[in-house]
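S.K.: Got a structure for you, questions after.
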Amino acid sequence: MPAIVIVGAQWGDEGKGKATDLLGGRVDYVVKPNGGNNAGHTVVVGGEKFELKLLPAGILSPNATSVIGNGVVINPQALFEEIDGLEARGADTSHLRISANAHLVAPYHQTLDQVSERFLGKRAIGTTGRGIGPTYMDKVGRLGIRVQDVLDESILRQKIEGALRQKNELLVKLYNRRAFEVDEIVEYFMGFADRLAPMIVDSTRLLNEALDRDEVVLMEGGQATYLDVDHGTYPFVTSSNPTAGGASVGSGVGPTRITRVIGIQKAYTTRVGAGPFPTELFDEMGERLRTTGGEFGVNTGRPRRTGWYDAVMARQAARINGFTDLFITKLDVLTGLSEIPVCVAYEVDGQRFDEMPMTQSDFHHAVPVYENFPGWTEDITGARSLEDLPKNAQDYVHALEAMSGCRISAVGVGPDRDDTIVVRDLIAD
């Protein structure tokens, strides 16, 4: 059976959790391959809203094993707060497994994240301050602490001693902050060791053996394509690769075992934090999309920036990830609009760009070229086929499919798991 990847095709918050949850009852493993608790997603089950950060959306599917992959950076305190919160509401998290090779976020990573953002001033990236970037820096710099290290306190201590020699120099001499003690960091991590130990696995072997048994593995990328450290709007990006290729690296599942790559896009566009956003709306319409769509960050509560659908970005995302399918979410948010603009090209200094400009400077100065589509007023939350939609809504969906260059296989028409039009099976087809 296949390995399937779900990827955000914009700047995050597209509804990946809903897509994962929709498929979760039919898959055997749900994997989070990258990111940390800097990106949250919301899943609505039976009218009840669950806000997840570190845990894969599949944690709410009792028949699927949830796996936090090697590409994730884990704040253990945040992890167990999330687990305890779900269990207090009756959820079963006993099917969670964690890669031994995933890295751990230390208290000094969070401090460094926060003080470095303040140090950058106007050049700040707009991080969540949760230590994700500094943890990835230590991973690449070979100063990182991995999940498996809590199984051996002596190794953990050696690694922390090495890391703090550098971190304390930065904190004290550059940022005028206090130094961290080795003992306090060792005690912090060892305080989670007993709860972590039963969950720790060789996730590469676990997932590949599942595929050998013809079981279905679903990988849910965090963040999104345009937050990818290589392919995103650099430097306003995350510190990992939340594209389809990153799912392979962050899970240990080889690329030839991946048969479906599903891109998730809103029927409009949102972004959190700093960075270019050609179709951004600063007027009452932007506020309408924000309010109607509930566009506030799961982690921070920050209001999201809102704008129209960008077909140029959609085509580029399809290329980068090799999308086989698109899942359009929140079509219902557009209900009631008399006209819906879609960005079909850019103009930069009088020159038209039908595809993404090569440089970030040009993208930063891009002015959208719009094509307008007629809206609809009918309630679409009960639609379960494209034919159930008003004609103008059908035309809008077909236009997005044509402009993105990728088939649309599902459309979200409301907040609940069941508020979805499935055009074609996302597993069997």
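Note that Cβ sites are derived from N, Cα and C of the backbone, with glycine treated the same way.
Feature annotation from Swiss-Prot assigns active site, proton acceptor to ASP13; the stated evidence is sequence analysis. The feature active site, proton donor is assigned by Swiss-Prot to HIS41, with sequence analysis given as support. Sequence annotations record features per position, and here Swiss-Prot assigns GTP binding site to 12-18, 40-42, ARG304, 330-332, 412-414 based on sequence analysis. Sequence annotations record features per position, and here Swiss-Prot assigns IMP binding site to ASP13, GLU14, GLY15, LYS16, ASN38, ALA39, GLY40, HIS41, THR128, ARG142, GLN223, THR238, ARG302 based on sequence analysis. The feature Mg(2+) binding site is assigned by Swiss-Prot to ASP13, GLY40, with sequence analysis given as support. Look at Swiss-Prot and you will find VAL298, ASN299, THR300, GLY301, ARG302, PRO303, ARG304 tagged as substrate binding site, backed by sequence analysis.
Context for these features, please: burial, neighbours, distances.
M.R.: Neighbours of ASP13 (active site, proton acceptor), defined as other CB atoms within 10 A of its CB across all chains, total 28.
DSSP assigns LYS18 (GTP binding site) to a helical segment in the three-state reduction.
The 10 Å shell around the Cβ of GLY40 (IMP binding site) contains 19 further Cβ atoms across the protein chains shown.
DSSP assigns ASP13 (active site, proton acceptor) to coil, not to a helix or a strand.
In the structure as shown, the Cβ atom of ARG304 (substrate binding site) sits within 10 Å of 20 other Cβ atoms.
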S.K.: Between the Cα atoms of LYS18 (GTP binding site) and GLN223 (IMP binding site), what distance do you get, rounded to the nearest Å?
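M.R.: Approximately 14 Å lies between the Cα of LYS18 (GTP binding site) and that of GLN223 (IMP binding site).
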S.K.: Out of the recorded positions ASP13, GLY15, THR42, GLN223, give me the one sitting nearest to PRO303 (substrate binding site) by CA distance.
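M.R.: Closest candidate to PRO303 (substrate binding site), judged by Cα separation, is ASP13.
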S.K.: State the three-class DSSP label for LEU331 (GTP binding site), counting H, G and I as helix, E and B as strand, and everything else as coil.
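M.R.: The residue in question, LEU331 (GTP binding site), is helix (DSSP, three-state).
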S.K.: Can you grab the distance from VAL413 (GTP binding site) over to ASP13 (active site, proton acceptor)? Cα atoms, rounded to a whole Å.
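M.R.: If we compare the Cα positions of VAL413 (GTP binding site) and ASP13 (active site, proton acceptor), the gap is 16 Å.
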S.K.: Just to verify: the residue among LYS18, HIS41, ARG302 with the fewest other Cβ atoms within 10 Å, which of the recorded positions is it?
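M.R.: Across LYS18, HIS41, ARG302, these recorded positions, the one with fewest Cβ atoms within 10 Å is ARG302.
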S.K.: Pick the one among the binding-site residues ASN38, THR42, THR128, GLN223 whose Cβ has the fewest other Cβ atoms within 10 Å in this structure.
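M.R.: Each of the binding-site residues ASN38, THR42, THR128, GLN223 was scored; lowest Cβ tally within 10 Å is THR42.
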